[in-house]
Amino acid sequence: MANEVLEAEEQGIGADLGVEGEAVADGPLTHEVGVDETLHAAEHDAPGMPQLDTAVFPNLIFWLVIALLAIYFLLSRIALPRIGAILAERAGTVTNDLAAAEDLKAKAKDAEAAYEKALADARAEANRIADETRARVQADLDAEMEKADARIAERTAESERAIAEIRDQAADAVREVARDAAREIVAVMGVEADPSAVDAAVNDRV
Amino acid sequence: MAEEVHGAEEAGGLVFHPMDQFIVEPLWGDGPVSWFTITNATLWMALAVLATYLLLVFATRHRKVVPTRGQSMAELVYGFVYKMVEDVSGHDGVKYFPYIMTLFLFILMANVLGLIPMSFAPTSHIAVTAVLALAVFLTVTILGFVLNGSKFLGLFWVASAPLALRPILAIIELISYFVRPVSHSIRLGGNIMAGHAVIKVFAGFAAIAAISPLSILAITAIYGLEVLVAVIQAYVFTILTCVYLKDALHPSH
């Protein structure tokens, strides 16, 4: 029914344009134009859905296929291999970096152990040197002490001898003085005395 | 002629042409739309291709190990779809990843670009979504028979059900199998078309001063919803494709 109406309309337009005669003369062509015109009219007139306008289906489908092919080639030739490579590279880099970090950590541990060992060695060496030095110093010190002790003993003995000498001399001097004093006292008292007896008496007393 | 009709309606006050945005028309001139005519649909499909190029090729051009913002987005989309294919279709589904990625990106870009005001959403056309769904349906069916031979029919024969029930289940399974492309295509096309039409209807109400604030608020809210729908429908279409692919690869229940 709609077709009839539209055909009538088409004929009306044809009449307006004055091509009706030609249209009648050339049947198939008119029919083709009529269909085209009908669809075109339906597209604008229909209050319904342009989605149901089958005249544009070939257009939509054709360009859809082109668009899909374009996207497919973009993806399969360029984008997906590239992004896949980037992701693989990143995963590889991360793995490598982790391995390298593990390696460096082991190295650091080794270095620390070596350092600790060197430190312990150095400490032992230092102790050894200190002990040696201390022993040497002690030996020197002992020798010097011995020498000093010997010298001191010598000096002491010398001093003691000198003191003894001085004491002897002092005792002799005292005896002499006492003897002289006793003789003089005896002489002053007017007693003729034997000097030897006086001396003996004094020697007994002193 | 169309302008005359529109003019007549505008004189009456409210103007509703919620479906005019879906009209396919030539970009240049006003001739008939033949299969190769460059139309608004062509333009927006081309822009979807361009957007795909920008996201996945242009943004990754430096191939950085430490990615830029654009490259991270590309990697995010790649990883998202790759994981979906792997999880849903299994390891042997991974070799069909480029095809599924193509579908996902075309639908996603067409949906999102279609949300730009005055634009055209190719995915709102049933012709487009039907081709996409049929391509998936035919690919999966042919693949199923090529890979599994007659064992593919095991998909319809529920071996775990009681024997008496199996023929009935087979009929149900068969029907549901052939309904797949229909639901697959109408889900996407219907969602996009309905959302865009609703926004246009509210835009029509905005002409009345008294309710225009409410109308604009509603447009804003629905626009937000449509952004979600645009992404979710692309996701749903893709994940269903993966599910169908899984059926073709492993037809047993």
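For all residues, glycine too, the Cβ spot is worked out from N, Cα and C.
Under the heading transmembrane segment, TrEMBL lists B:35-59 (among others).
Taken from TrEMBL, the feature transmembrane segment applies to B:96-120 (among others). With a threshold of 8 Å between CB atoms, the same-chain residues lying at least 6 positions outside the transmembrane segment (B:96-120) that come near it are 21-22, 24, 40-41, 43-45, 47-49, 51-52, 55-56, 77-78, 81-82, 84-85, 89, 132, 136, 139, 188, 192, 196, 223, 226-227, 229-231, 233-235, 237-238, 241-242, 245.
Nonlocal intrachain contacts for the transmembrane segment (B:126-147), taken as residues 6+ away from its ends with a CB within less than 8 angstroms of a stretch CB, comprise 41, 99, 103, 106-107, 155, 180-182, 184-186, 188-189, 237, 241, 244-245, 247-249, 251. Under the heading transmembrane segment, TrEMBL lists B:126-147 (among others).
The annotation transmembrane segment is assigned in TrEMBL to B:154-179 (among others). Through the fold, the transmembrane segment (B:154-179) approaches residues 144, 148, 247, 251-253 of its own chain, all at least 6 residues removed from its boundaries and within a Cβ separation under 8 Å.
Look at TrEMBL and you will find B:199-220 (among others) tagged as transmembrane segment.
For the transmembrane segment (B:227-246), same-chain residues at least 6 beyond its ends with a Cβ under 8 Å from one of its own Cβ atoms are 81, 84-85, 88-90, 93, 96, 100, 103-104, 107-108, 111-112, 114-115, 123, 132, 136-137, 140, 143, 180, 184, 187-188, 191-192, 195. Per TrEMBL, the feature transmembrane segment maps to B:227-246 (among others).
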